[in-house]
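What TrEMBL records for this protein:
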type	residues	note
DOMAIN	13-371	domain 'tRNA-guanine(15) transglycosylase-like'
BINDING	C322, C324, C327, H353	Zn(2+) binding site
Amino acid sequence: MVKYSVQKRTPEGRLGEVTQWGDVNIRFETPACLLYTKGGHIPHLTWDNVEKRLELSQPPVYQLTLPSLFEAHSAINEYGKGVANFAGMPDGCPVHLSLYDPLLLLKPGYNETKSVSIWTRTGRRKIDPEILCEIVNYFKPQSCQAISDIDTPVDCANKRLTKAVTRTVSLLKDYLEKMDAKNPCSTFASLVGGYSSFHRIKCAEDLGTQEVAAGFTIDGFHSNGDLSQLELNAIEPLIVKVLANLPSGKPRMFNGALSPSQVFELVKFGVDLFDSSFPSSLADQGKAFRLADNYPHDNAFHTIDFNDKSLADDFTPVFPECGCYTCKNYTKGYLCHLRNTDELLCPILLSLHNLREYDRMFVKIRSYLKEK
């Protein structure tokens, strides 16, 4: 169960609060993001760094990505205490298992009637309801994403879209039938249908009535990876129609490496939850970002690219107005040196800054909505 309540509705989004996530009591205000992990860890950060250096506005919910953990499921089962304990994650924070990795590009053409495909370090793995039930029992997450067929590009044919919707609905029902009723793991139903209004609404109508769904994941608008070219204007009417067919008292999630501009647009559409893959992706690229001073009134942001060797002699703070560990202790020139010598410290420092800034973004969005 995910106990979620809407605190306020405005023309530019809604404020909400989660007081229970699975079997964990928590006070988690939305809009917000889940902390993206790979292999049970935030990329580039040890849990000691997270505890001592990463300052967040509220206790986090962690996002596990199945492709990065699937090959360890036997070891996690033998360990017997769940994936959070296995990976040494902080005590008392809920974890959500996502079927896909938002930074890992999908490979089209591999889904089947009774299963979908994910790609791990050893290659293709088929995920069907029985396998997902096993993984949930082994991993013991507080919530998980239902199996979904999101292989629906912009030019997808209607026949293929119908298959995607039918398959997603059928796989969810099969999973719920097989899942032990005593298992406390909550399920987020996946909403698919590509760029077709008819198929999107059909899926929302079929799954919106599922009382066992703790929330909804809006899927199938992209193939993960770089989303800078995602046209939100094209999907706005689709998302609005989909959300109109869902119960208002359940959270809506949109996964992907979304920029601050894209996040605020989706908040205005009615989305509540996101993930932090965007700041992790920027850190991988050697970049740091900063919100506009009056965000979200101005939803712009700017980045510093430490691959640019012209920064080598710049000994000013990364962002002088930022109070994060990185900006208080290091200069642009030092980050440029770390990046251009491939030092492991560079993505660590960039991750600490970018994650804190992404968290600050949601604080500003919530404050903005409270004033409406």
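Backbone N, Cα and C atoms are what each Cβ position is placed from, and that goes for glycine too.
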### Query
Long-range same-chain neighbours of C327 (Zn(2+) binding site), Cβ under 8 Å, sequence gap at least 6?
P317, V318, F319, P320, H353
### Summary
Mean pLDDT across the domain 'tRNA-guanine(15) transglycosylase-like' (13-371) comes out at 95
#### Entry: Winner by Cβ contact number (other Cβ atoms within 10 Å) across the binding-site residues C322, C324
C324
### Summary
Same-chain, non-site residues whose Cβ lies within 8 A of the C322, C324, C327, H353 Cβ center for Zn(2+) are A288, P317, V318, F319, G323, Y325, T326, K328, L352, R356, E357
### Message
I'd like the number of other C-beta atoms within 10 A of the C-beta of H353 (Zn(2+) binding site), please.
### Response
26
